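Straight from TrEMBL, the features:
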- CYS3-CYS30: disulfide bond (DISULFID)
- 3-118: domain 'CUB' (DOMAIN)
- 120-216: domain 'LCCL' (DOMAIN)
- 223-380: domain 'F5/8 type C' (DOMAIN)
- 443-468: transmembrane segment (TRANSMEM)
Amino acid sequence: DGCGHTVLGPESGTLASINYPRTSPNSTVCEWEIRVKPGQRVQLKFGDFDIDDSDSCHSSYLRVHNGIGPNRTEIGKYCGFGLQMDGLITSKSNEVTVQFMSGIHTSGRGFLAAYSTTDKSDLITCLDNASHFSEPEFNKYCPAGCVIPFADISGTIPHGYRDSSSLCMAGVHAGVVSNTLGGQINVVISKGIPYYEGSLANNVTSKVGPLSTSLFTFKTSGCYGTLGMESGVIPDSHITSSSILEWPNQTGQVNIWKPENARLKRIGPPWAAFISDEHQWLQIDLNKEKKITGIITTGSTLAEHYYYVSAYRILYSDDAQKWTVYREPGMDKDKVFQGNTELYQEVRNNFIPPIIARFFRINPLKWHQKIAMKVELLGCQFSIGRAPKITLPPPPQNKNEEKNADFMDDFIHSVKTSLQTDKTTFTPEIKNTTVTPSVTKDVALAAVLVPVLVMVFTTLILILVCAWHWRNRKKKTEGTYDLPYWDRAGWWKGMKQFLPTKSTEHEETPVRYSSSEISHLRPREVPTMLQTESAEYAQPLVGGIVGTLHQRSTFKPEEGKEASYADLDPYNSPIQEVYHAYAEPLPVTGPEYATPIIMDMSSHPSTPLGAPSISTFKAAGNQAPPLVGTCNKLLSRTDSASSARALYDIPKGQPGPGSADQLVYQVPQSVAHPAGSKDE
């Protein structure tokens with residue numbers, strides 16, 4: 001009288017003490033005899049163990065034995081409050097006896113344990129939930145018998161189950177494993193949702209649950225698609241029944257609740273039987289063999305007609321003549337499915353293993369007021385794999401060959417038998433609709449290559465666009481007379497060898513003058529060339545008519561005034577032409593200095609000889625800056641012998657020559673032109 005919840009399956013099961021998880025009564029005893037297939041062994045795992053040990057396991061204890069009967073041998077004797085038994089207890093044979101004794105005690109929940117064959121290395125108990133595991137995806141084996149009244153689950157498929165739910169009980173609710181057989185589950189953990197719906201499925205009621213940090217669902221590869229009742233793929237002529245309810249309403253109109261009304265979610269009345277007894281049925285012709293994995297039912301869905309079916313059997317056939325009642329493997333009784341508990345709620349039941357048939361019947365066993373229901377079938381197409389091609393040997397020629405022929409006949413017979421057996425005993429996997437079906441290798445390869453190629457081509461296009469944009473921007477930043485930023489100073493030195501030399505009339509031997517000597521020279525005695533230290537950039541030209549200014553300049557534009565430069569004071573000139581103040585390219589044979597200022601005023605008779613031509617030179621240190629450059633003489637071409645003298649100013653802002661840090665010289669200020677002057 002000490003046995004509690006017990007389900008002993010052929011390969012696994014669950015057992016618990018009486019009243020678990022409450023305290024068991026005093027002076028009770030229970031023994032479980034567990035048998036599995038010969039050649040296999042049994043392993044035992046405890047989910048909870050809390051037995052009084054006040055008398056050192058004398059009157060209250062749990063004892064495990066190898067074998068059954070008087071010849072059994074003890075494996076161990078256990079007791080204790082909150083005893084942690086994480087390991088497995090393994091037998092030496094295919095039979096185990098578990099004995100529970102409850103003496104005089106005042107507390108203790110008792111125990112709950114699960115067993116399986118030793119090939120199920122990932123066995124868990126009905127009390128394990130998703131929060132006990134940290135992996136995002138894992139496989140476990142659930143024992144039979146995990147639909148227990150003291151465990152709760154929240155959620156449903158396809159949304160998922162709350163992480164506090166029992167894994168194995170949720171697996172039964174989802175239709176992944178059978179409560180009678182147990183089975184393997186593949187669990188996937190994901191982020192929780194704010195609200196979990198409740199539903200009734202496979203005799204398990206899922207409750208409404210609040211927000212949780214995570215949830216879990218099941219990854220499978222079976223089929224859960226609808227087979228055409230709701231969508232209308234199954235025609236009305238393929239839906240028949242044993243009888244039809246006909247009755248007139250208050251206005252005298254006859255209402256007929258035909259079998260084609262038994263489509264799930266179809267608005268209107270359901271199918272209802274004229275007579276309510278256990279011989280009524282609703283039949284569906286699927287047109288060809290299908291793999292049927294589940295069924296969903298509702299009641300009448302009409303508030304004024306509170307009708308529904310609360311229990312039913314399932315029958316199936318290939319020819320609609322010979323019918324087979326659905327039973328679970330290893331069971332000798334027909335399986336009775338739990339139906340609806342009210343007229344609106346959808347109730348799902350799964351077939352493990354699936355049904356392979358064309359004709360499908362529902363036989364109501366229990367109902368409320370009248371037999372009335374709406375139905376949808378779940379499953380997918382079924383295709384039989386081709387049998388291996390058998391090549392027969394040539395006719396036998398002697399006794400040995402006759403023996404070989406007999407052997408081949410036996411072999412063919414065994415192959416046919418195995419194929420027929422596989423057809424009836426094959427247990428296909430069930431697919432959860434929340435998981436995307438697996439794709440082929442070609443599709444997976446294309447899914448990887450296409451994004452990679454798109455990214456490569458996009459990158460190449462971006463590189464080309466950026467290069468083109470950078471090139472245009474570079475061209476815009478370089479002025480007409482400016483040089484590339486990468487070599488402003490040294491470019492001219494590398495290119496001077498490719499330029500033509502200046503004419504011989506402009507080339508003279510350079511002469512060095514001091515600032516004091518320059519102040520005493522007459523205008524026509526001004527040297528033709530002035531020399532100074534080598535500079536990084538050529539000095540600017542002075543405004544004038546320069547016919548040879550047609551090449552790119554190496555002059556460095558001014559970047560603002562510096563304290564060491566003198567202020568420019570150009571003279572007024574009637575000449576309106578404006579020229580850029582850049583130096584002329586240096587000759588190949590000449591020194592690396594700027595070209596002298598050239599001014600030819602003979603073509604402008606009305607213009608004074610002193611055109612506004614200014615050259616500014618800067619000297620280093622405290623010494624007076626010497627004048628540099630290659631400068632032709634200013635020739636006043638006139639017929640008169642009494643040409644006016646060209647005068648040079650003294651250094652600007654200085655009392656005398658060579659007495660200041662910086663000297664700025666200007667070109668002659670004025671030269672008189674006789675009235676009869678003309679070009680030569």
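Here the Cβ of each residue, glycine as well, is placed from N, Cα and C on the backbone.
The helix, strand and coil residue counts that DSSP assigns across the domain 'CUB' (3-118) are 0 helix, 61 strand, 55 coil. Residues of the same chain lying 6 or more positions beyond the ends of the transmembrane segment (443-468) include none with a Cβ under 8 Å from any Cβ of it. For the domain 'CUB' (3-118), the predicted model reports an average pLDDT of 91. Per-class residue totals from DSSP over the domain 'LCCL' (120-216), listed helix then strand then coil: 11 helix, 38 strand, 48 coil.
Counting every protein chain shown, 19 other Cβ atoms lie within 10 Å of the Cβ of CYS30 (disulfide bond).
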